[in-house]
Amino acid sequence: MELVDHLRDERNKAQFDVEAMKVVWAGSPQELQLCDRMANLVANHPAFEKLKRPMLVRKELFKNSLRKAAYARKLVIDLGLSEEEAKWLRFYIDEPTYPDLHWGMFIPAIEGQGSEEQKEKWLPLSRNMQIIGCYAQTEMGHGSNVQGLETTATFDAQQDHFIIHSPTLTSTKWWPGGLGKVSTHAVVYARLIVNGEFHGVHGWYNYYSFSFFLYLEDHSPLPGITVGDVGLKFGNGAYNTMDNGLLRFHHVRIPRNQMLMRVSQVSREGKYMQCDDVPRQLIYGTMVSVRQTIVAMVSRTLSRAVCIATRYSALRRQHSSSSLVVPCFLMIDYQSQQSRLFPLLASAYAFKFVGEWLKWLYTDVKQRLEANDFSTLPEAHASTAGLKSLTTSATVDGIEECMKLCGGDGYLVSSGLPELFAVSVPACTYEGDNTVLMLQVARFVVKTVSEVGYKEPLGTSSYIRRLNTLLHNNCLVQTGEDWVKGDRIVEAFEARAARMAVTCTQHLAKFQDPEQGFSELSADLVEVAVAHCQLIVVSKFVEKLAQDIPGKGVKEALEVLCYVYALFLVHKHQGDFLVTGYLTPKQASLANRQLRILYSRLRPNAIALVDAFNHTDHYLSSVVGRYDGNVYPNLYQAAFNDPFNDSHVPDGYHQYIHPILNQTLAKL
Ligand SMILES: CC/C=C\C/C=C\C/C=C\C/C=C\CCC(=O)SCCNC(=O)CCNC(=O)[C@H](O)C(C)(C)COP(=O)(O)OP(=O)(O)OC[C@H]1O[C@@H](n2cnc3c(N)ncnc32)[C@H](O)[C@@H]1OP(=O)(O)O
Ligand SMILES: Cc1cc2nc3c(=O)[nH]c(=O)nc-3n(C[C@H](O)[C@H](O)[C@H](O)COP(=O)(O)OP(=O)(O)OC[C@H]3O[C@@H](n4cnc5c(N)ncnc54)[C@H](O)[C@@H]3O)c2cc1C
């Protein structure tokens, strides 16, 4: 039977080579081929079916996710997949499970913080999954405030042991993924006590990582350990496939050599030693690594929501504004729909490119750290923290908007959007609360501004070198067309970021106690950080356009997306641009007018731009976002796939409806 493509007319409108755009989106022909292979391996295997997930109760759901993880592991071994291939395989299985933390945090923590000897011992065991690990940092009472962690690790010189203890209820380890039911090991953050002395109580370096056996072979916890799951989380399915755990220690002994010893050591005699040439911030290194990964992944999450909303918008017809009776308008042709949808489409591309750049920055910093060069760590910290915060917040808001863009059907689980929202929303909290992370960026920016004159701003903050120009030269835009020039756009974002940073730095200088100033101005400081991070995203998109991009019409289509992203932000934050005096109201309104022109240029390419994400129907898991656009019969069928429709008479009907119909309520 011939398959009907309900989106064919839309696909025919494309003004660029979709296959070439797929390569740009994937990053390279090799990446495209790799992702395509892994996505189809998952899509074509019944073991990875996921549509029934939201109907399962927690215990079934969890067992189902363990089965999938075990099956994935078998595929990795049987097919001899590389670590990179295995990573994509897990990604397309699309279900948070313990291997995410094992591979994503436990192993990187050992790699980054273990001594050579420890790495030799623990890494082969971990990579072969002979042990399964998690990352136990957060406590019930302390999440953002890592300095406040209460778990103690007291050195016992007599027995050459550390004694790990949870002195209070609030010191209970709380949230670590994979901890609740599965992990055999954990990297635990604790306060170090040697010879009765807390080490580094004034600094941030008084937390050390320990690796320890959590379970005996019969899989009951070691004596002195209480472990469990933190309980049901938001959304059906969603993050409930993960055993986020709780953990308490009652004077649990572990050998001294299980303290991760790259940053500092405790000797057999009980002497505490800090490695001179290694900054203490390195114990936060795993977070830098994971924040980078989150940015690399988040564009795909947003692209998935946008793909669903764009395809449905290009199929569904509603009435025109002049006639409420004739259903003639495609939803995507409403200007208001475009103004909500197209900036999200542009954001997905923008986040992809900034994610590629961040990966480059992180790879560079990682190599430097291995060679004990820590000079770029502050920038890597600020960039990973800020971009993690910016992109996850925008993505989660974007998914919610996509749900609304699909009308009532977006709210159906079968649209794929509610579960995507539920599984993504904790990304604004985990790996650092987004506001807390933006305050870290603000610290970095304010420090850079304060040091102008005796320390050269580098990398993402190098615009601060041109402070004088940026503070005094206003925008030169005179026509709408003037707005679609890369260097002009970047300069506008630089001027806004620099002016906001300088104003805040001046306000901070008026406080006698800098910390009090920082606290009182924290809302403004978050806005400074947002401006700095948006500048990074815009400038990396513009830099991408300066590269050689093959394929008919590909570069032109990307230019439109870049300007949509940038001018949408100018419009959204026009208050910043106006208050700082960089723009006049006329220039701001020219930006908005140009944005409307750009939407009309983007419109014919909309479907092709989401096709270029190359998402399989399995990955999308959305009736309304199907590739063939055959929505309505499938939407109808999906309703009958719900077990709730197995019978016309639900449980409770005879008991609770009949008495009402028969007026026999007194018998209840
Ligand atoms: C949509 C979803 C899509 C995709 C998802 C994909 C993958 C998901 C995979 C995994 C995610 C799953 C689970 C998540 C796991 C976790 O959540 S683990 C726990 C994470 N916890 C946190 O992130 C805690 C946040 N808090 C902190 O990081 C710190 O406490 C703090 C930095 C906020 C503050 O710490 P302080 O000790 O008070 O620091 P400070 O005094 O402010 O700063 C001291 C100096 O240190 C520098 N610094 C801070 N952090 C780092 C760092 N990470 N690296 C390098 N340097 C750092 C800081 O800049 C200061 O420097 P100065 O030069 O100014 O002194
Ligand atoms: C799904 C999920 C998975 C997780 N996985 C792990 C894991 O594997 N391992 C692990 O160790 N942890 C994990 N966590 C914990 C996570 O890292 C913390 O939840 C996170 O760091 C935030 O800490 P908190 O929950 O204590 O929030 P809080 O720090 O209590 O924040 C609550 C509110 O206070 C505000 N706030 C806090 N501090 C400040 C400040 N200094 N200035 C201004 N505002 C502030 C925040 O902006 C936020 O609005 C996970 C959490 C979730 C939800």
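From the backbone N, Cα and C atoms, a Cβ is placed for every residue, glycine too.
Keep in mind that TrEMBL annotations are predicted by a computer and have not been checked by a curator.
Per TrEMBL, domain 'Acyl-coenzyme A oxidase N-terminal' is recorded for 17-132. Per-residue confidence over the domain 'Acyl-coenzyme A oxidase N-terminal' (17-132) averages out at a pLDDT of 95.
Residues or ranges marked as FAD binding site by TrEMBL: T138, G177. Taking Cβ-Cβ distances under 8 Å and a sequence gap of 6 or more within the same chain, the neighbours of G177 (FAD binding site) are P96, Y98, D100, L101, C134, Y135, M242, D243, N244, G245. DSSP assigns G177 (FAD binding site) to coil in the three-state reduction, outside any helix or strand.
According to TrEMBL, the feature domain 'Acyl-CoA oxidase C-alpha1' maps to 284-445.
The active site, proton acceptor feature in TrEMBL is assigned to E431. Residue environment of E431 (active site, proton acceptor) contains 25 other Cβ atoms, counted within 10 Å of its Cβ in all protein chains. In the three-state DSSP scheme, E431 (active site, proton acceptor) is classed as coil.
Annotated domain 'Acyl-CoA oxidase C-terminal' per TrEMBL: 488-662, in sequence order.
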| query | If you measure E431 (active site, proton acceptor) to T138 (FAD binding site) at Cα, how many Å is it? | reply | 10
| query | By DSSP, how many residues in the domain 'Acyl-coenzyme A oxidase N-terminal' (17-132) are helix, how many strand, and how many coil? | reply | 90 helix, 0 strand, 26 coil
